[in-house]
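Engineer: Mind having a look at this structure? Questions to follow.
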Amino acid sequence: MSTRRELLESPYLAAVSGRKPCRVPVWFMRQAGRSLPEYRALRERYSMLAACFEPEVACEITLQPLRRYDVDAAILFSDIVVPLCAAGIDLDIVPDVGPVIGDPVRTATDIHAMKPLEPQAIQPIFQAISLLVAALGDVPLIGFAGAPFTLASYLVEGGPSRNHPRTKAMMLAEPASWHTLMDKLTDLTLGFLLGQIDAGVDAIQVFDSWAGTLSLSDYRQYVLPHSARIFATVAEHGVPMTHFGVGTADLLGAMSAAVRSGEKPGHQAVVGVDWRTSLTDAAARVEPCTALQGNLDPVVLLAGWPAVERVARTVVDDGRRAVVAGAAGHVFNLGHGVLPETDPGVLSELVSFIHSL
């Protein structure tokens, strides 16, 4: 099965599919967000969650960066905790803090009480996708979800955490409860992703933002089976799939194994790489014929244009070497999201520069 739309000229879809793109494709994680004054103006009238659940607002925010930048993909404006909220979890996204859980999930009773995700609860997200598919023309739309481990960390810790102590303690001390929680979150993530695919997204990305806190052994035992189930199921739908985490150099091989689960001919698998690992090194770590995405340090965008140009050129050159070394393709991106203080003019100039190489 092909992607939802026949976007045969898309540089992004070419690169992630192992075909030679007409130019180096580029898009940015958090390209729609606090770096844009038009986003900040709109958010004065809507909370983060309200914006996610209002189809016209989510559509407008998704489109904002495309009016400024000639990026090669749009990514749905949403948040990884949206399906948790839709499933009845008491949470809020607190400015300058992140997701805060009203009643953390820490016992077997808490896990048992979790409700499944009902499709009707996330219809506004799918309605936003329908609006975007109609508006985007030949620009592909990326849908996304949080991976079970990262969602579990928010639920168990009660909010953002540097070291995830309660999460790891449950994982190691109560493995049966842990896997029950992960199974429930895997089902939730699949419901969210498959609904997005049915609504018309052209690719998906799964963010395991906090997986880098784990050892490779723990990742393989407690996380990989659940992430693999997600990708194996999504693979049936034939859309390109990207797996991304921060600080995951030692996990890249296992993460690529997850995204290649249920592999079929023409399987379109991508692994996101942060700035701590070179793309050529990543190419040696991931499974053969996996495309790579990344990996400019977002802080470089604050360092002035000469530094941006120099480091961005290095990333593109490294990506080309990675393809020679066996990567299926390279999509230029940051190694994490656009920082709020980033000048949109620098991003615009960066897109033009990448396309010129």
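Glycine is treated like the rest: Cβ placed from N, Cα and C.
Pulled these from Swiss-Prot:
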type	residues	note
BINDING	R30, Q31, A32, G33, R34, D79, Y154, S209, H336	substrate binding site
SITE	D79	site 'Transition state stabilizer'
Engineer: Could you tell me which three-state DSSP class Y154 (substrate binding site) falls into?
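Structural biologist: Where Y154 (substrate binding site) sits, the three-state DSSP reduction gives helix.
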Engineer: Across all chains shown, how many C-beta atoms besides its own are within 10 angstroms of the C-beta of Y154 (substrate binding site)?
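Structural biologist: Other Cβ atoms found within 10 Å: 27.
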Engineer: How many Å lie between the Cα of R30 (substrate binding site) and the Cα of D79 (site 'Transition state stabilizer')?
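Structural biologist: About 10 Å separate the Cα atoms of these two residues.
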Engineer: Rounded to an integer, what is the Cα-Cα distance in Å between A32 (substrate binding site) and D79 (site 'Transition state stabilizer')?
Structural biologist: 12
Engineer: Cβ atoms within 10 Å, counted per site: which of R30, R34, H336 has the most, among these binding-site residues?
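Structural biologist: Buried the deepest by this measure is H336.
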Engineer: For D79 (site 'Transition state stabilizer'), which residues in the same chain are close in space, meaning a Cβ under 8 Å from its Cβ, but six or more apart along the sequence?
Structural biologist: M48, L49, C52, I93, P99
